[in-house]
């Protein structure tokens, strides 16, 4: 069962759930909290590697990732990031989220954006118990026109689901947690699997 707006507010008030900066009540609706787009992005450089062998030797995977991923792009205030049709890019939420060991989060894109072809998360929409940090967004433009994305715009909604008990291995305590405390548009770390 997911938390309703009253429970989300109570968990925030009690410090069991943290969203920084704390959203105003107008952004807590029914069973979700609206999140906004941050100002950090990362893109893919075209034609810099013939392919990425996802199950290949880790050193080769790491080298291919280094070739295809851009450095992090930090947009100045007021500027837009343009996502062209068929492009994939990474970005982050403006808000940082910290979940306790007994709560899982779910990120959903906005229907209004999806109707323009914008996918906010390609597949990874679960936020693990024990997570702390900004949430990386996996943008894909499946539409016909470039989309101007501006930091601060509403980009998605988070919902929260209590677990039957605290997780034995929450994300913040796992040795293999590749994205712990991320604040920027962190590239894939599949080579760390």
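In case you wondered, yes, glycine gets a Cβ from its N, Cα and C as well.
As given in Swiss-Prot:
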type: ACT_SITE; residues: 138; note: active site, proton donor/acceptor
type: BINDING; residues: 110, 111, 112, 113, 114, 115, 128, 136, 137, 138, 171, 178, 182; note: dCTP binding site
type: COMPBIAS; residues: 172-181; note: compositional bias 'Basic and acidic residues'
type: REGION; residues: 169-193; note: region 'Disordered'
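Everything Swiss-Prot records as a feature, shown here on the structure.
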residue : record                             : CB count, 10 Å
110     : dCTP binding site                  : 17
112     : dCTP binding site                  : 9
114     : dCTP binding site                  : 14
128     : dCTP binding site                  : 18
137     : dCTP binding site                  : 26
138     : active site, proton donor/acceptor : 17
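The residue listed as 'active site, proton donor/acceptor' falls within a strand when secondary structure is assigned with DSSP. Taking the Cα atom of each, residue 114 (dCTP binding site) and the residue listed as 'active site, proton donor/acceptor' are about 13 angstrom apart.
Classification of residue 128 (dCTP binding site) by DSSP places it in coil, neither helical nor stranded.
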